[in-house]
Amino acid sequence: RPSTVSLLIRDARTFFPTIWLFVAPTILSPLAIWGGEAGRCAFVILVMSCFWVVEVVPLPVIALLPLVLLPLLSVLSVKTVAASYLNDTNIMMMGSMFLALAVEESNLHKRIALRLMTFVGAKPHMLMAGFMIITSFISLWISDTATAALMCPIAMALLESVMAHKQRHYKDGYGDGLHRVESVIGGVSIPSEARPLDTSLLSPRDRGICKCIMLIVSHASLIGGTGTINSTGPNLIFRSTIEQFYPGEDTQISYFSWMLFAIPPMVLYMFSSWFIVQLQFLGIGHIISIFKKSSEEDRKEEEYVKKTVQLTYENLGPMTWAEKWTLGFFVALVSLWMTSDPKVIPGWVDIFPRNMVSDSCAGILIAFLFFAFPRECPDFFFFREDRERPSVRRSGLLTWEAVRRKFSWSVILLLGAGIAISASVKESGLSQIFVCWLMDRFNGMPHFLIQILLSIIVVAATEFSTNTATGSVFIPIAFSMAEELKVHPLFFSIPAAIGPSFSFMLPMATPPNAIVYETKTMTMWEMASCGVLLNIACVTITVLNMNTWTWFIFDMGTYPEYATRHNNTLPC
């Protein structure tokens, strides 16, 4: 019979989230009681972080807490906080999410991915490069979570197909251990139903290939989001924060200018991930073998993979009406975003009064057209042979039923919470306290070194919190640090915005990691050890980019006039 102590321990483990719901605020309560306005703001942030880590309730529900705590603690009014949950930045994210949902509903992502796979080649390192390129490309336009959710099933299906004949001692539903043959192309038999992937039945090399491809999906989902300003929460929080710090000013930040400085390092992040995962799971010998001629056995294996990918692509059939028009609207929306205010030439927003329209208008316009435009050729009588029957109204490329089932409102709530927290950090004076504390530690250091240390702190913090929460705390601090040191406002804030996307280590750090980890193709230690190396590489690339290419684009050797007009930071 269990002892009373063991029963108490068991119940404590079972009900720990509920216990933590009361313990965490109690421990942190001195901040709210004696910490002043900044302390009360810190209390809200730390309580939410504690709840997020343990997940006492679903994360989107925790994201609603600023609506209650910030007004009750007299940090921000409820009207100010509520406006953060559906402001221009959140509307822009909503447009991106409608785009992602339309792409998923039409299966356009699958066609694009498999089409690229047919071009990149069948060698393992080329397959990995293919997944890296297509996943990063999709993540440029839609959220990292949506990208991982779209690409992970494609990667798993491909691995199940190409690894089917390599899994030993497998018994299928017929009990004879033989796979069924659907097609023979070029002398290569393709199984009709892919076997469930069990990496324990594979050789160490094949297990390594599976781990590499799945980790690349996770990494690329996060890396791609750094390339555009609207595809990930921290970037949008940066956009919102810079507008709060410098309202109505031309800060030189637009959709196009962000891509201009962010795409070159993004390519280097991609290469780093591609190289590091292979180095860790396949070894230096595999890296060297990339430059050697393939053996006969390798060529046979490559032929099998090539035919599998080709057959999978051919099974999609010809491009449908829905895919064609979804692609057309996709290209139209990206074009509108890129040409809205490119800075180098006048954009279409210049047609309207200043600050009257923004990129979010384009997103919602295209979202409306997704609902209005039919997913099949209109059933007009002159489009069909049978003109006698009544015409049928087609459903849209996107339906509200699909939105109801799949739209991730949690992302909107998390982003809204991040924007509210970012505003509270600035208004409460918490950012000023952090800046003064950091200035005491960084006193006399070169700005270049401060940038490195800040980047490391942000990347470390984002492994234990959501990237939105990390960005909402550190981005306003970065702007305040720049004002204190009289350096360009973007010098610290851009690394603080991009750093939260480098949450490569832990499954709980970000949804793409969790989605890939759930495939059970790798252990947490393998994900973490690979993530550490990639974090180091990405921070290095970011700092080098900030002090070379980005320095040139934004003329960071000067302190802009708009920063002088809107100095929000009091001297320490």
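Glycine is no exception: its Cβ is also placed from the backbone N, Cα and C atoms.
Ranges compared are 66-84, 446-464, and TrEMBL records transmembrane segment for 446-464. Note on TrEMBL: of 15-34, 315-334, the range annotated with the feature transmembrane segment is 15-34. Tallying C-beta pairs under 8 angstroms between the transmembrane segment (85-103) and each of 41-65, 356-373, 407-425, 490-509 places 356-373 first. With respect to Cβ pairs under 8 Å, the transmembrane segment (41-65) is most closely packed against 407-425, considering the stretches 148-164, 356-373, 407-425, 490-509, 530-554.
Here the transmembrane segment (446-464) sits against the transmembrane segment (530-554); at least 3 CB pairs are under 8 Å, leaving out pairs fewer than 6 apart in sequence.
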